[in-house]
Amino acid sequence: EREKDPEYWRRQAQETLRNALRLQRLNQNVAKNLILFLGDGMGVSTVTAARILKGQLHGQGEESLLEMDKFPFVALAKTYNTNAQVPDSAGTATAYLCGVKANEGTLGVSAGVTRDRCNTTRGQEVTSILRWAKDAGKAVGIVTTTRVTHATPSAAYAHSANRDWYSDGEMPPDALEGGCKDIARQLVENIPEIEVILGGGRKYMYPKNVSDVEYPHEEKQRGTRLDGRNLVQAWQEAKPRGKVAEYVWHRRGLLALNLSRVDFLLGESLHPRVPWHQLGALGGPLSCPGLLGHLQWPVVLPRQALHEAVELDRAIGLATRLTSTEDTLSVVTADHSHVFTFGGYTPRGNPIFGLAPMQSDVDRKPFTSILYGNGPGYKIVAGERENVSAVDFAHADYQAQSAVPLRQETHGGEDVAVFARGPMAHLLHGVHEQNYIPHAMAYAACIGSNRGHCNAAAHPATPLLLPFLGLLLLLC
């Protein structure tokens, strides 16, 4: 009812204006902490739909706010790779972590490297903001909800001509003979003193055919390494004498640790992709947000994708409460978008997973508001588009319809949002190349090469926690 009164909107606009005017006093502190939240595949349409879902889960709707919506500075990032209009996650990770655009499928290297060509790698390696922070004496961490060797986090530490070289068991003979290292090995060797590493994909750390510690009878989860090395053991042995390095492989083990007595932490699960609706089977209420994700790709499951975006937003809210904008620069962005959309002239308050209020004026069938441009949701029944009223489109595993049949849905090519708050957050504004992001963050923290504005005496090295969060495992 209040929205029928024009004064409601005028008051709202005036309050927004007052808040905007306060931003004229820029926060130019040196950032003690940097936090980068990376929603893998979290395009603008996903952000909008997740906002509506969050509101509907709490008795609100379109007017609700995500935690990232509360960040005062917003920019757009152009996500194309040097050789691709629509990017892949490896090239984009190199951009937003290393500050250099690269070819699709390549990690932590310049555009001089050709995918799959090991012999093009030497001399083309580029370092990440995690390395810049470590070189400045900071504490650093990678927290990912996919494999720690996945493209999204691995550009923080690895240099590879192929994002899929998780272990030497996935590498071709010519790459091994050429001296290229697999990504899991680089995790252990390239920056050996990363304080926190949490993610999935432990099978790439163990010798081929070694049974998994948690699922010993699952053949596909056995170790994959051809060199016979146990990289978890190598990780522990590489730590300085007197330092405590703990390895955990289950949430219970993680929660049992006395973290005040741990110097280095490596946590690797096996099954990162736990559907949001199965969280209850993991042992009751979570003590902190559980992150899952990226399930909008490749199987186009909108219900899971949006619930996972809401989970990411819970983590952003938790980090906001635990830190101060006076000394912590927080940035939320995505590597790329997906061909995810919602429309159909739905009325205010329409369930975000519901039907449009009309039928198609071509085939006379209903359609859901959420649709995909391509992917496995394309179905023809009796020569016509599937009638969604004949299926359970409210089910968590429902595959939304798509316009073009593909076994796997593709990424989208449009810009992604960049939300920022804290010291120097105003540097993220307007439309930027994606590789600008780590340079702005490094400037704020006085790390990396661009430190002419810094007073070393006034701003001594202080611990910096740099977790990278995608939308993919349950680790709290």
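Here the Cβ of each residue, glycine as well, is placed from N, Cα and C on the backbone.
All annotation found in TrEMBL is predicted automatically rather than curated by experts.
These come from TrEMBL:
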type: BINDING; residues: Asp40, His150, Thr152; note: Mg(2+) binding site
type: BINDING; residues: Asp40, Asp335, His336, His411; note: Zn(2+) binding site
type: ACT_SITE; residues: Ser89; note: active site, phosphoserine intermediate
So what sits near Asp335 (Zn(2+) binding site) in its own chain, CB-to-CB under 8 Å and at least six residues off in sequence?
-> Leu38, Asp40, Gly41, Thr79, Pro87, Ser89, Thr92, Ala93, Tyr96, Thr152, Val416
Taking only the CA atoms, the spacing between His411 (Zn(2+) binding site) and His150 (Mg(2+) binding site), expressed in whole angstrom, is 16
By the 10 Å Cβ-neighbour count, the most surrounded of the recorded positions Ser89, Thr152 is Thr152
Which residues, in sequence order, are found in the same chain with Cβ within 8 Å of the centroid defined by the Cβ atoms of Asp40, Asp335, His336, His411 at the Zn(2+) site, excluding those residues themselves?
-> Gly41, Met42, Thr79, Pro87, Asp88, Ser89, Thr92, Thr152, Ala334, Ser337, His338, Val416
Pop the Cα-Cα gap between His336 (Zn(2+) binding site) and His150 (Mg(2+) binding site) into the table, whole Å please.
-> 15
When you measure from the Cβ of His336 (Zn(2+) binding site), which residues in the chain that are at least 6 apart have a Cβ under 8 Å away?
-> Gly41, Gly43, Thr79, Val86, Pro87, Asp88, Ser89, Thr92, His411, Gly412, Gly413, Val416
